[in-house]
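Worksheet: the structure to be examined is printed underneath.
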Ligand SMILES: Cc1cc2nc3c(=O)[nH]c(=O)nc-3n(C[C@H](O)[C@H](O)[C@H](O)COP(=O)(O)O)c2cc1C
């Protein structure tokens, strides 16, 4: 019997396919990128993490992370913090702002976050984790989920403990990045421990870490028996990955993904980013995506060495216009070859 949270995440009743989510990535998965990923087949996306400290709830940065996509997917806000009462207050605040699912960050390895005892630092203090989860679920009027890692380091795998706490306090879904905090992003994600945790709980579980192809998605789902996957870095410059995985898992989904369609979508992304942030901030936000798009579109990111020095959105778009011209000419040349 599929859990209602999966139905909410997929919009399907009953759920008869694995869920595919876009991972939260601070500084990357803003509304412009999430919108595109959902359009291309991601069942849901999570906003970039937001602070729970009362003095940070209304900052322009927190506010800018509260944009929700136009798709019929749930508005998921991920909160990060270390104090149960602050996390509870933040929950109430973000629900008022439109959050339909509250996700708790128990995985961020950043020094700035860990230095305040938040993110993956909480994995060293399971009592604190329980206190936070209890405080949040007690006030939340929407489902509460969490995202965690395997543990602090290889001598301290805490995933099974976290799962037990989650069950006790009424968490609706767990996402696991298959690394410890000590690994940060090094080495390979370990899926065996995620599979063991999944087998030990009735809670829905999403597997995350290093999923970058259809084959990997299928293998990881098979190995862990999880209810879905979450894709992060591999979608950068290649949001079509959601479409490709969705198509293979469903065998019927179709969307356009020719080179020209891809270039046009990249342009739409840049234009939306510029519209969101304006000026040089928009240019900077778009830059990291542009480099990744070029890598996937041309296989030769060095072709456009001066991308980092371009300081206006129009010139950024011109790079893609030039690519579009090249592709149009290729198509024309192909046409001439046709008998
Ligand atoms: C730039 C960047 C920012 C991230 N920000 C967050 C975040 O805000 N919240 C979170 O839970 N995880 C964050 N993560 C971790 C990802 O959600 C994901 O767990 C991790 O990248 C592993 O998945 P992947 O191999 O598919 O990228 C971030 C990762 C990156 C690379």
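Just so it is clear, glycine is given a Cβ too, placed from its N, Cα and C backbone atoms.
According to TrEMBL:
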- 108: active site, proton donor (ACT_SITE)
- 24, 25, 26, 78, 147, 177, 232, 233: FMN binding site (BINDING)
- 22-314: domain 'DUS-like FMN-binding' (DOMAIN)
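When other Cβ atoms within 10 Å of the Cβ of residue 147 (FMN binding site) are tallied across all protein chains shown, the result is 24. Among the binding-site residues 177, 233, the residue whose Cβ has the fewest other Cβ atoms within 10 Å is 233. Mean model confidence of the domain 'DUS-like FMN-binding' (22-314) amounts to 92 (pLDDT, 0 to 100 scale). Shown in sequence order, 49, 80, 114, 118, 119, 120 are the residues of the chain, 6+ apart in sequence, with a C-beta less than 8 angstroms from the C-beta of residue 108 (active site, proton donor).
Looking at the residues that bind FMN per the record, 24, 25, 26, 78, 147, 177, 232, 233, the two CA atoms farthest apart are separated by 18 Å.
On its own chain, residue 232 (FMN binding site) has 22, 23, 25, 208 as residues at least 6 apart in sequence with a Cβ closer than 8 Å to its own Cβ. DSSP classifies residue 26 (FMN binding site) as coil under the three-state reduction. Sequence-distant neighbours of residue 24 (FMN binding site): residues of the same chain at least 6 apart with a C-beta under 8 Å from its C-beta are 45, 46, 47, 48, 49, 78, 103, 147. In the shown protein chains, 17 other C-beta atoms lie within 10 A of the C-beta of residue 25 (FMN binding site). The DSSP secondary structure for residue 108 (active site, proton donor) is coil. By the criterion of other Cβ atoms within 10 Å of the residue's own Cβ, the least surrounded of the binding-site residues 26, 78 is 26.
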